[in-house]
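Here's the structure we're looking at; comments come further down.
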């Protein structure tokens, strides 16, 4: 079988003259070492003693070169590296018929002599012109002998390793060639001879060091044609391109889930096997990923290496800092296709989408209740266990979650960091602000499946859904039933006349605290709910909602008797009295009844 033609140029990295001059001595030495290592890998392919190659001429004459010594080739390569790869080689030997290709050294090296030598040499002789001896930087670890070139050291170490062949065979992985053996040996010994001058990180292979140094230089030579994103390694680009193609070649045999990256597939399998090889020495908690353990250990150490330059807030994870910075920039790149709502991070979008799909994958084994989020289940389990690990130092009150404690502590400090840009109202937590902003936007994302009524908060929807179910709380005075005990309590005040919420300005009293809050806006002149269409402002959010219907023409309240529609529920109530004949407002003077209080007011003026 004929030998395949493989050139050293196929595995070499070239520099132009200008690029070569820009390299400092340390970089040139590193480059030299890498080229020698690459050549060592080539020379290990059973072509050390003899090889055949075709002469690059029309005649295609075959030249045979036998017994070409490995050390001579190493010196020749060193000569190339010292003066830059690609330069013409010179020698004083009489080697007519051989040539040095500018396209790269063939494995069975061809050398052209431009000057005829005075002495005669055979093709198997060593080169007449050798590289000047330089400092012997390369030391043998076995006998401490020094060498000028790494190639000579590798060949020398080969002689030592002949004695250890019997031991090497006992290993699972055996290597017949020197470079592979050296790399394998470093894996077992943990030796990392290639150290980064920038950060001190060490590597077992010089090629790994070169890749690592691109982090410091910010060099990313591999660019994606689809989105322009650049990468340090070609393998990273290959994996990234699967994002655009949608290719997921790694499929789990257990559940059928597919992955773009092999590493993702490997980690996923630990979910099925339950393997958690990374254990915390402080608390014994185990993790699937080593990075998870690293982040977890920062909880014990209190280390937060990622700090926001805007506000100084620090984080355990770099991803948390990235998400936090979007609070300052306002960037929300993850948009829900169902409702258009945007989010800071992908996990928030995934959790939000479960509202539309109704998916609740986290189920409590105690009571069967299911949740959108895993954290919700964790907190819920503490309801059964009674565990409240987060305690307030001010009042001793304990909480299920740390976030609840932080929010509670703001009651003592008076801190309200979340401020509405529309009306300036401030809140203790971000959730309250988000819910409040829906008053201005009119958004009601939580809809009742029974009647279609929508709400600002999920808590309101939960309360409303009880209307369609049983009503356990009944008023003994009038027989009216209620879903909640608090509703019954407020209702009973109508019969008792109790109005515990009193205005300090005018002594007017109210049944509900919310009524007092709204009333106090009259004294302050505060109208926080403003219409974006015409600028008209209102004391109550419900008044704004009703007003907006004058612009949209919406009339959601329809009479079942005649089909007439109204923009307000109160208008429908008054209208229905026409059909029922109900007249609840009676004149004290003459006993006449009226449907509306305004009609009674006008009538009483006749008596006066």
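Here the Cβ of each residue, glycine as well, is placed from N, Cα and C on the backbone.
Some features that Swiss-Prot has for this protein:
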DOMAIN    6-84  domain 'KRAB'
ZN_FING   138-160  zinc finger
ZN_FING   163-188  zinc finger
ZN_FING   194-216  zinc finger
ZN_FING   222-244  zinc finger
ZN_FING   250-272  zinc finger
ZN_FING   278-300  zinc finger
ZN_FING   306-328  zinc finger
ZN_FING   334-356  zinc finger
ZN_FING   362-384  zinc finger
ZN_FING   446-468  zinc finger
ZN_FING   501-523  zinc finger
ZN_FING   585-607  zinc finger
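Ranked by the number of CB pairs under 8 Å to the zinc finger (250-272), the listed stretches 194-216, 222-244, 334-356, 362-384, 501-523 are led by 222-244. If you look at the zinc finger (222-244), the same-chain residues 6 or more away from its ends with a CB under 8 A from one of its CBs are 211, 214-215, 260-261.
Residues 351, 354-355, 400-401 of the same chain lie 6+ residues outside the zinc finger (362-384) yet bring a C-beta within less than 8 angstroms of a C-beta in it. With DSSP states grouped into helix (H, G, I), strand (E, B) and coil, the zinc finger (585-607) comes out at 11 helix, 4 strand, 8 coil.
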